[in-house]
Amino acid sequence: MKTPSQTHVLGLAHPPLPMVRLAFIGLGNRGVLTLQRYLQIEGVEIKALCEIREGNLVKAQKILREAGYPQPDGYTGPDGWKRMCERDDIDLVFICTDWLTHTPMAVYSMEHGKHVAIEVPAAMTVEECWKLVDTAEKTRQHCMMLENCCYDPFALTTLNMAQQGVFGEITHVEGAYIHDLRSIYFADESKGGFHNHWGKKYSIEHTGNPYPTHGLGPVCQILNIHRGDRMNYLVSLSSLQAGMTEYARKNFGADSPEARQKYLLGDMNTTLIQTVKGKSIMIQYNVVTPRPYSRLHTVCGTKGFAQKYPVPSIALEPDAGSPLEGKALEEIMERYKHPFTATFGTEAHRRNLPNEMNYVMDCRLIYCLRNGLPLDMDVYDAAEWSCITELSEQSVLNGSIPVEIPDFTRGAWKKCHISRTSDLY
């Protein structure tokens, strides 16, 4: 609930941090990869690690020692993360745990004077989204969701093109998370599966789109959401569930507990969103169908079109009936290459790092903190993109009725016209 003295944090900036002191909560598959990435980033110091499974903590500490870094303090147990957040020598806490613990950990961290970087989605309910917003506004701490797809080179190029008016007026965008994860959902943690199978458990209990941010984040940036426009309402529809059951029958037998289990989450979810200014957004989610990976990333405007999947495609007036190919496509991608790609992305290639968009995201986050700049993604992005999880489920369960999307800025979106991720300064 908003207090009388509480104001928005659009454009929030803090004094520069010469050295950014980091702590990590969660050292499973994603957490360890994040930790290893930050060994490549200048201007950071890893102060503390927290992991509920002590074996994972020991392995993570060993990674740092073998890389020539001082061993950070370790915390474990159910409340270890709280003790770590209560320290006064940490600037930024990374939260790389299961979905359901993201918000309480972020809120506690901000209440103890820490900036937070949260794995996606940042929250699972609208109530949790409001908790993040209210806490960030009251504490004046940064709260960034680690939506790495916003730093994809093609996404950044189309963002740059949109900001320069190349597509004309944007009328419609599309995003998705289509990724066959059946083997991971059923795998033990030792074989790359989720801790305690939390991903599969969510599929049993919920429907809608539980993971909207990979597709939604980049296209919301193109539409300048909460910086001159905002998402108004959505309608959502899910197909029947068949993929999980079919996979379980094939791999565990028709009479296995896995095959007999009932799953509420439909195989394909499609959510349509309209903005206050009349722009339309389509977001899809499917992780149980044998098909190629896709995030779609479609941009439609009055002067042109772009789409990343299944193959990168750009078409512009006056010859928009045919997409640019070969050298012509390369030239337009080079002409509108985003500054982040030109600097941090080039550095990632030079150093032969495995995931360019992660590296660009990491570098940009630390760059902003060390230079006292607003972050590229704020708490309102985290709330707006994450709230689709609960709201899409509400729509699906009620015959695809329209569901209103809250204005987490409480009207400040009308006053703010900041062009995000357009400069390095």
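Backbone N, Cα and C define each Cβ position, glycine as well.
Here's what Swiss-Prot has on this protein:
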| type | residues | note |
| --- | --- | --- |
| BINDING | 29-30, Glu51, 99-102, 119-120, Asn148, 194-198, Tyr211 | NAD(+) binding site |
| BINDING | Tyr177, Tyr211, Pro212, Thr213, His214, Tyr293 | substrate binding site |
Extent of the substrate binding site in Å [max Cα distance among Tyr177, Tyr211, Pro212, Thr213, His214, Tyr293]: 16
Conformational class of Tyr177 (substrate binding site) under the three-state DSSP mapping: strand
The rounded CA-CA distance in Å from Thr213 (substrate binding site) to Val120 (NAD(+) binding site) is 7
Measuring Cα to Cα, how many Å separate Asn29 (NAD(+) binding site) from Pro212 (substrate binding site)? 21
State the Cα to Cα distance, in Å, between Tyr211 (substrate binding site) and Val120 (NAD(+) binding site), rounded to an integer. 8
In sequence order, which residues at least six apart in the same chain have a CB under 8 Å from the CB of Phe194 (NAD(+) binding site)? Asp98, Ile184, Tyr185, Lys200
If we check Cα distances from Tyr293 (substrate binding site), which of the binding-site residues Glu51, His102, Val120, Trp198 wins as closest? Val120
